Amino acid sequence: MASSRAQWFNPIAFTPWPVTCITTIVYLALLIPILVINLVVPSAPETNPKGVNLTEAWRDLQHLTGGFHPYNSRRNDEVHEWLLSRINSIIRPTVEAGQPSSANDNLPEVFVFDDNRSNLTYSNGGVGKTSIVGVYFESTNIIVYIRGSEDGLENWWEHSNGKPKGKGGVLVNAHYDSVSTGYGATDDGIGVVSLLQLLRYFTTPGNNPRKGLVLLFNNGEEDYLNGAHPPEADTTQAQDDTRHTNIDSLWHMLSASIGTTEGLVSYTGMDFDGKSKDQNKVNSGTGTLGVWFDMFGTAFAVFRLHTLFAISVALLVIAPLVIFVTSVILSKTDRMYLFSMSKSLEGTGDQVSLRGLRGFSRTPIILVIATTIPICLAYLLEKVNPYIVHSSQFSVWSMMFSAWIFLAWFLACAADFFRPSALHRAYSYTWIFIATWIMLVINTVYANQKGIAAGPSTAEFPGAAGEDTDPTESTSLLRGQRTTFANYRSSRPGGAAETDEREDINKGGTFEHEQSWSWTLPRWTWVLQLLLLAPIVLILVGQLALFLTASMCQVGSDGVSTFVVYLACSVFTTLLCIPLFPLIHRFTYHIPTFLFLVFIGTLIYNLVAFPFSPANRLKTFFIQEVDLDNGSNTVSLTGIQPYLTDAINSIPSAAGQNITCDKTTPFGKLERCSWSGLSPNVLGQGRERDNEIDPDKWITYNITKTVGKNKARIEISGRNTRACKLKFDRAVANFQVSGSAVDHRMPPTSRQGVSEIRLWSRTWENTWVVDINWHESADKSDDDDDDHDDENHDAPQNILSGKAICMWSDGNQPGVIPALDEVRLYAPSWIAISKAADGLVEASHSFTIQ
């Protein structure tokens, strides 16, 4: 009786209360820090680190985000001049290039390049037979070069054929333009002020870079040129300002930038030196594929992909061998119970029932059922309230997590009640090992063939070894100190019912109705198994799951199916709960019952709650199109229904109009609704000389066709803008902009042709001269022998039609785009306005070349 009482009060025994309490503590101890790391930004230091001025950085961010500053805005020019002024004020104490001073001998040379000369013509490359989009862009980038101690002292850029000498340098880049509907605090204002602080840091005595450092302030990133598409809605809206961020967020990025850049400029290895594999790229070495993961926000574990491949191959071979050898040893020492139905008694031939297969199949069955429920919940949310994850991602997580745990606990307890088995845990780890080994095989193949490192990279789970270990080398699993089956009580030949009395078994230390021999098993190994498996899964999978939902929870407003998000949540729920499953049948009813109530509450909330709020707004896309030929003025909002209609109904100018909606947008579930809106004043308020200009004079264009050839020259210019484009009803074969530079690494067109040419200039009201040529229509063809006449065959096949369009993107001044002002004023608070295209207003003239 004494031993039974001692076992009962064992704080790490494999009994309900220790299992419930310890498992809960372990999970909370791991999940809470992961949540805090992902949700709470580290505090900025109270005092400025050496070479950094946080107060100055915050003031810079406030100034930068004082207005919308897209490339096609006057405010963008102001930001450009302000950046030059800030850069010069920072480097003023340093040595001027070519004028060394004895007082500043320990400071690096700094060179500032205001790029107002370069331009580039390129295209998006096209897909299949789809026509591509060509772009002509004139740079207004700012380049700051900090000479490294290993760099050559020659100003090689001053020579026409000059080339840099020494080892490779480091490039850090940020764009200083914003979208036309956002102030650009996070996209990419924090990046810009981080570059300014990097400049201050590396021009501070004692922080000189070993390698040359180039800080690139680029312009025009938001307007197609680099195609940034942020995962969060607010980065393209008016909430992307300093009111909705803080100095802690600024320090978070700045500290990472300083640490990373300092490591790069101080690197002494040769990995980034030498010729590149691609001759069209800068000679920066061949590099290697890397693998890394975060350790509680304090450090990165970094190693090469081939190292992961080698470890994976070793685990694939060693892990099964270890399991096999362990199984052989257990069998040889008469201690192997897994997969054993019975044992023969020595000398009698009678069979002793061991019930060794009991519990073998319950693990995959229960896991499949428990995993199916979150998938069904994902489908239910997609059908009933698909956008609830937009604002309530943790409610979705709570629903799926609680549903999985309760159902798995209920099924495991039911199976354990009807068919109790001491080997439930051993078989669970065995199945987990098999599944992990298979996933590791897949991961290893992808790492080797595709260069992809994803999925499980370990194959632990020793399976039966921990479960079947006996306290001593001489003690049998079956009973007492016997080493053979010779003295065991025999059973009936056909069967297998044990005749031990339950009272004796309980006194011997078995748990309820499990096999009588189980009292000899160690009671503490489950703690080691939990501590081995849970941290690995929760640290790696937990952070990945939170990152995934944070980046994808608002993709529904972009027209992407949210079922992908819910399905990912359901899969990650299973992965996060896997360490619990071998132990879950020992849980008391308290936590599963509580989680069942959580499931009911979150399910109801997720099905009926309104998915958007002022803090988590629905993104809609605005554009106003003016046809200068017929004077029509169309305002369009693109978004998801029925919320888009609710927003439009609140706009006064749309009241009483016939709102037309269609699904012709390329954005999946999005609809575009249009109505006749307020007329824009794109020439600007207060420009008296332009007030009387008719809208049809906003754009001037001229077309000159080469006689007898499918060639033409188009001249186009717009008032108060520096962005226009040409759209063609069918693709042109080639184009060239007067004065443009072509880089063979980025061809302006391909055999598919160009259906649209976008033109960007650093000069306001610039006139672009574009030469185009096109092929005859492919329609004339194979139907010439048809009996019926098609009048289209008689039409000239070398006609080219299209539109000359100019764009206006400056929404800083009220009254310039009244339709946009109206939408911002009257749309519900849970609606956010973003741009639908490069311009907020697009005016067009149609043309035909024949």
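In case you wondered, yes, glycine gets a Cβ from its N, Cα and C as well.
So that you can see what the record holds, here are the features copied from Swiss-Prot:
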BINDING   His175, Asp187  Zn(2+) 1 binding site
CARBOHYD  Asn53  N-linked glycosylation site
CARBOHYD  Asn116  N-linked glycosylation site
CARBOHYD  Asn119  N-linked glycosylation site
CARBOHYD  Asn630  N-linked glycosylation site
CARBOHYD  Asn658  N-linked glycosylation site
CARBOHYD  Asn702  N-linked glycosylation site
TOPO_DOM  42-282  topological domain 'Vacuolar'
TOPO_DOM  330-363  topological domain 'Vacuolar'
TOPO_DOM  415-425  topological domain 'Vacuolar'
TOPO_DOM  551-563  topological domain 'Vacuolar'
TOPO_DOM  612-850  topological domain 'Vacuolar'
TRANSMEM  21-41  transmembrane segment
TRANSMEM  283-303  transmembrane segment
TRANSMEM  309-329  transmembrane segment
TRANSMEM  364-384  transmembrane segment
TRANSMEM  394-414  transmembrane segment
TRANSMEM  426-446  transmembrane segment
TRANSMEM  530-550  transmembrane segment
TRANSMEM  564-584  transmembrane segment
TRANSMEM  591-611  transmembrane segment
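Other C-beta atoms found within 10 angstroms of the C-beta of Asn119 (N-linked glycosylation site) number 17, with every protein chain shown included. Contact between the transmembrane segment (530-550) and the transmembrane segment (591-611) is absent: fewer than three CB pairs lie under 8 Å, with pairs separated by 6 or more positions in sequence. Note: Asn658 (N-linked glycosylation site) has non-local neighbours Trp675, i.e. same-chain residues 6+ apart with C-beta under 8 A of its own C-beta. In the three-state DSSP scheme, Asp187 (Zn(2+) 1 binding site) falls into the helix class. Remark: of the glycosylation sites Asn53, Asn702, the most isolated position is Asn702 (fewest other Cβ atoms within 10 Å of its Cβ).
Within the chain, the transmembrane segment (364-384) has long-range Cβ neighbours (under 8 A, six or more residues past its boundaries) at 396, 399-400, 403-404, 407-408, 411-412, 415, 431, 561-563, 566-567, 569-571, 573-574, 577, 581, 603, 606-607.
Looking only at the recorded positions Asn53, His175, Asp187, Asn630, Asn702, the one with its C-alpha closest to Asn119 (N-linked glycosylation site) is His175. Of the glycosylation sites Asn116, Asn630, Asn116 has the largest number of other Cβ atoms within 10 Å of its own Cβ. Taking Asn53, Asn116, Asn702 as the glycosylation sites under consideration, the smallest Cα distance to Asp187 (Zn(2+) 1 binding site) is found for Asn53.
Put simply, Asn116 (N-linked glycosylation site) is 16 Å from His175 (Zn(2+) 1 binding site) when counted between their Cα atoms. Under DSSP, Asn630 (N-linked glycosylation site) is assigned to coil, being neither helix nor strand in the three-state scheme. Among the glycosylation sites Asn53, Asn116, Asn630, the residue whose Cα lies closest in space to that of Asn702 (N-linked glycosylation site) is Asn630. If one looks beyond the transmembrane segment (591-611) by at least 6 residues along the same chain, the residues whose Cβ comes under 8 Å of a Cβ in the stretch are 20, 24, 377, 380-381, 384-385, 387-392, 395-396, 398-399, 401-403, 405-406, 409-410, 618, 830.
Residue counts for the topological domain 'Vacuolar' (415-425) under DSSP, split into helix (H, G, I), strand (E, B) and coil, are 6 helix, 0 strand, 5 coil. Across the structure, Asn116 (N-linked glycosylation site) and Asn53 (N-linked glycosylation site) place their CA atoms 30 angstrom apart. Looking only at the topological domain 'Vacuolar' (551-563), the predicted model's pLDDT averages out at 87. Here the CA atom of Asn630 (N-linked glycosylation site) lies 56 Å from the CA atom of Asn53 (N-linked glycosylation site).
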